[in-house]
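Undergrad: Handing you a structure now.
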Amino acid sequence: MCGILAVLGCSDDSQAKRVRVLELSRRLKHRGPDWSGLCQHGDCFLSHQRLAIIDPASGDQPLYNEDKSIVVTVNGEIYNHEELRRRLPDHKYRTGSDCEVIAHLYEEHGEDFVDMLDGMFSFVLLDTRNNCFVAARDAVGITPLYIGWGLDGSVWLSSEMKGLNDDCEHFEVFPPGNLYSSRSGSFRRWYNPQWYNETIPSAPYDPLVLRKAFEDAVIKRLMTDVPFGVLLSGGLDSSLVAAVTARHLAGSKAAEQWGTQLHSFCVGLEGSPDLKAAKEVAEYLGTVHHEFHFTVQDGIDAIEDVIFHIETYDVTTIRASTPMFLMARKIKSLGVKMVISGEGSDEIFGGYLYFHKAPNKEEFHHETCRKIKALHQYDCLRANKATSAWGLEARVPFLDKEFMDVAMSIDPESKMIKPDLGRIEKWVLRKAFDDEENPYLPKHILYRQKEQFSDGVGYSWIDGLKAHAAKHVTDRMMLNAARIYPHNTPTTKEAYYYRMIFERFFPQNSARFTVPGGPSIACSTAKAIEWDARWSNNLDPSGRAALGVHDSAYDPPLPSSISAGKGAAMITNKKPRIVDVATPGVVIST
């Protein structure tokens with residue numbers, strides 16, 4: 001991942017303004033520690049903090065067309081860039097960067113080229129010939145982007161909120177799958193798949209078609225000129241990512257540079273479900289496995305840094321981001337710059353445990369659509385920013401456009417969870433990789449119950465967070481919560497604690513509105529709470545809150561006094577430590 005910042009039409013082309021843009025761009029330097037670039041054209045500034053993944057030697061940004069009349073700064077990866085270059089034989093390229101093709105596509109097709117891009121991206125393109133600009137964000141918001149407006153009429157775009165929040169009168173999240181044009185001064189949706197309008201699909205389930213689509217998605221993401229690995233929690237999604245990567249690595253260009261030995265990474269409290277399952281999967285696949293331990297106190301000590309980097313006060317996101325944030329730092333210290341991860345599967349296939357209660361296929365499908373549309377505010381935000389905080393890139397094959405087209409066209413009746421028929425959550429995905437002759441995974445891993453990342457790293461992690469928050473948030477503070485925080489009022493002491501930290505870093509009113517709110521049970525949308533009357537009394541985002549579904553569900557339901565932080569158990573804090581169970585099998589260096 002890289003960091004981009006653009007300031008356009010600021011009515012100030014002075015040296016002081018240039019210095020200010022450079023200062024703000026440096027706030028994004030953690031995202032791209034390899035190179036800093038800035039292009040100024042009059043009162044327009046395009047800056048870039050580069051994490052060099054493709055063509056590290058010559059792919060510095062901003063990038064240009066042949067006569068430098070078109071300038072582009074990009075955060076992301078374009079997996080089909082070689083194919084796109086072949087479609088433009090008359091154009092000359094300065095670098096081997098996958099992102100350079102964007103400038104040339106604009107020359108040929110104007111603003112109507114974005115849907116040709118296969119990848120994850122946010123970009124700002126300045127057309128100096130016509131004195132205009134366009135900005136766009138990938139289909140579901142894998143890469144973050146914010147847009148803001150200054151009192152002087154300027155438009156600002158930044159990979160993270162911290163790049164523009166102090167200088168804009170108003171700012172907001174740039175909507176995924178959209179393009180913003182200065183010519184119209186408005187957004188236009190460029191990503192319009194059939195599932196987006198929530199029409200119920202009817203395609204029959206074909207396990208081999210689904211398997212092939214996912215394998216293709218993983219193979220695309222092996223495009224790299226730097227060392228890489230996979231995040232492996234031992235759950236279904238990350239295990240499939242690891243299994244498919246291990247199976248296809250040998251024939252890839254990446255193997256020619258870095259060898260065929262795949263590295264896998266896992267984090268958790270000692271004895272956590274994820275650590276045990278991940279180690280078993282790693283042994284089965286033959287990966288070089290790196291296991292990192294953290295304590296509850298390690299996580300608590302990192303909370304402020306996590307909220308600063310993730311830029312949210314959402315409870316679920318912070319719970320899950322903290323272990324990932326700690327793990328990303330250790331991964332980067334090994335010389336690895338890119339990892340492949342399993343985000344998106346639960347949204348596409350209805351993998352969260354509350355989907356057991358979906359009353360019919362129509363409600364099931366509508367909820368998956370709502371979840372995918374909201375991914376950019378939750379799991380995409382976490383996966384991108386928790387890793388980018390340390391200059392590490394995360395790629396997510398489940399959110400491949402072509403794979404989503406296949407998966408979301410399946411009749412949702414096939415996705416429905418029906419224990420009487422032996423169909424647990426994500427059955428269609430499990431069945432697609434249940435190969436008796438050439439197995440991808442052991443059966444008990446392939447059919448392991450869903451764990452949310454914040455649960456799987458160790459159940460005492462969430463309990464410890466609640467106990468810590470209870471020490472810092474009093475009952476009197478909770479009584480005044482609605483007056484202090486009228487928007488997205490925190491209803492638990494844990495939520496109040498995170499909100500206090502967030503407001504210290506991002507006090508602007510616009511910042512508060514970038515974070516989603518509303519009731520949730522086990523990561524559901526507010527609409528899905530209607531599926532079970534009991535859920536309205538136990539609104540906790542943990543998967544264990546799905547009463548009657550999770551093997552380790554809260555039983556009995558937590559009293560409201562505990563959910564607000566009262567009477568929580570004391571946590572014994574151990575000396576922080578991180579353990580490498582497996583050392584690298586090959587030398588990895590930056």
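Glycine is treated like the rest: Cβ placed from N, Cα and C.
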Undergrad: Please state which member of Leu231, Leu232, Leu375 Swiss-Prot lists alongside Val267, Ser341, Gly342 for binding ATP.
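TA: Record source Swiss-Prot; matching candidate: Leu231.
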Undergrad: Quick check: of Asp13, Asp90, Asp98, Asp112, which does Swiss-Prot put in the same L-glutamine site as Arg50, Leu51, Ala52, Ile53, Ile54, Asn75, Gly76, Glu77?
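TA: Answer, per Swiss-Prot (L-glutamine site with Arg50, Leu51, Ala52, Ile53, Ile54, Asn75, Gly76, Glu77), from Asp13, Asp90, Asp98, Asp112: Asp98.
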Undergrad: For L-glutamine, what surrounds Arg50, Leu51, Ala52, Ile53, Ile54, Asn75, Gly76, Glu77, Asp98 with a Cβ no more than 8 Å from their Cβ centroid?
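TA: Other same-chain residues with Cβ inside the cutoff are Met1, Cys2, Gly59, Val74, Ser97, Cys99, Glu393.
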Undergrad: Within the chain of Leu231 (ATP binding site), which residues six or more apart in sequence place their C-beta under 8 angstroms from its C-beta?
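TA: Ser238, Val241, Ser264, Phe265, Cys266, Met327, Val339, Ile340, Ser341, Gly342, Ala394 - these are the non-local Cβ neighbours of Leu231 (ATP binding site), listed in sequence order.
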Undergrad: Using C-alpha atoms only, work out the spacing between Arg50 (L-glutamine binding site) and Cys2 (active site, for GATase activity) and round it to an integer in Å.
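TA: That comes out at 5 Å between the alpha carbons.
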Undergrad: Nearest by CA distance to Glu343 (site 'Important for beta-aspartyl-AMP intermediate formation'): which of the binding-site residues is it, out of Ile54, Gly76, Asp98?
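TA: In terms of Cα distance, Glu343 (site 'Important for beta-aspartyl-AMP intermediate formation') lies closest to Gly76.
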